[in-house]
Amino acid sequence: MSDPSQVNLDEINGVKPKKLLADGEEVEAKSQTSNAVYKVKRTWDHFYCTCPAWRNQARVPVNARTCKHLKSILGDAYENERVKLMNPNAVPAAPASKSKAKTTSKRKKADDDGDDDGKATKKPRSTRKPASRGKAKVAEVDEEDATEEDDNEEEVDDKKANVEVLLATKWDLEKGTDPTGWWVSEKLDGVRVFFDGKRMLSRLGNPFTPPKWFIEKLPKDVTLDGELFGGRGQFQSTVSIVKSAGSPRWKEITFQIFDVPSKGEEPFEDRLEWLNSNFKLKIGGPKIEHVRVVDHIQAESREHVLDLLEEIESVGGEGLMLRKPGSSYEGKRSNTLQKVKTFSDAEAKVTGYVPGKGKNAGMMGALKCVMASGKTFNVGTGFSDKQRRNPPKIGSIITYRFQELTLDGVPRFPSYVGEAVDKTEPTDAEVPASKKPTSKGTDNADSS
């Protein structure tokens, strides 16, 4: 069987798709039981569908999900081979219990792949309290941080835990706190993980399902905070792997530890020393092959930090983290932890609007945009309430800011800057090679 990390979707085990979608290509699929129309899109080794059946496969890695719409476009035989390739150790779904089957039979009959008429199914009220995520006012400090991993994570309420992790604020490159003496580390482009001594949890409290070997040698009497990391520029691939249940591709992931929350009252330096003594050999290598302690050095000056940032970004790193010396571990957003990143600006044409939800209900939630390259994406952050009530007109050119491109060449976490009143056509940013993700990273940044 082919290696999923080197997959060529043109043909899998001798089977070709009925229709070959190019990376980033999007098509529509009509429901067979209603008037609903769903969008199917390819992103590298992923095929997305907006139908409920595809979205509700929370226990299946993203690139191994399928539905009847994907099968109708790509072909049953091809989808069977693709799903087996992407998730070879998949466990067949257990049959529904009698009580659940009886409830389901009373509902309006839908097709076997979850088509509906677009109306939301009413969910039972949960008796669990949601995990604390800090005060709303603080959370608004950094909308990108709130969506970075949450957009790639579905709620799984059956085993949800209350996780409170330390969250960073942004460090201003020109006016930020004097970093002299602060601890500097690379900001890893991975998935945040909290180990509670028994299991690995996301920052939303949902459990990951790594293979037994991945966690069996970790200490059981402390909690650990870190990242599941698949290498620089491998965020989408990492998300796909860590959402799988025991996939062999977990061998591509390292657990990069940067703190010990259970020792949070001790100074950061003591916690870092504990990590180094427990996870590093005296000769400098790791005691557990896939477990690393994130390296920290002390900043000599602002210029030193900026030089380190340039060095890290030149090799495809996301940015830096600054840690205040002597600081404790706080399970909330705190100025004792600050992230350092640079961004690119570009223009796009507005093609439509996404209705707002929650606090933005009744207003514009996001702008639908098209790049000069023809690729489409949404811009949903950076707006004031006034701008959401009176958004840029369709056809207008806007300037947006982003950090890097995704695998299919669209901006990752774009933020609205303003209308480009002097432009009549959009212009894409010139993105350096180090900011363009590849299907397989060459530098895992996992030295300890």
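In case you wondered, yes, glycine gets a Cβ from its N, Cα and C as well.
Here is what TrEMBL records for this protein:
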type	residues	note
DOMAIN	38-78	domain 'SWIM-type'
REGION	87-159	region 'Disordered'
COMPBIAS	99-108	compositional bias 'Basic residues'
COMPBIAS	121-136	compositional bias 'Basic residues'
COMPBIAS	141-156	compositional bias 'Acidic residues'
DOMAIN	265-373	domain 'ATP-dependent DNA ligase family profile'
REGION	418-448	region 'Disordered'
COMPBIAS	439-448	compositional bias 'Polar residues'
Fill in the blank from the handout: DSSP puts the residues of the domain 'SWIM-type' (38-78) at 17 helix, 10 strand, 14 coil
Practice task
Using DSSP, tally how many residues of the domain 'ATP-dependent DNA ligase family profile' (265-373) sit in helix, strand and coil.
Solution key: 28 helix, 39 strand, 42 coil
Exercise for the section: Grab the pLDDT values for the domain 'SWIM-type' (38-78) and give me their mean, rounded. Expected result: 86
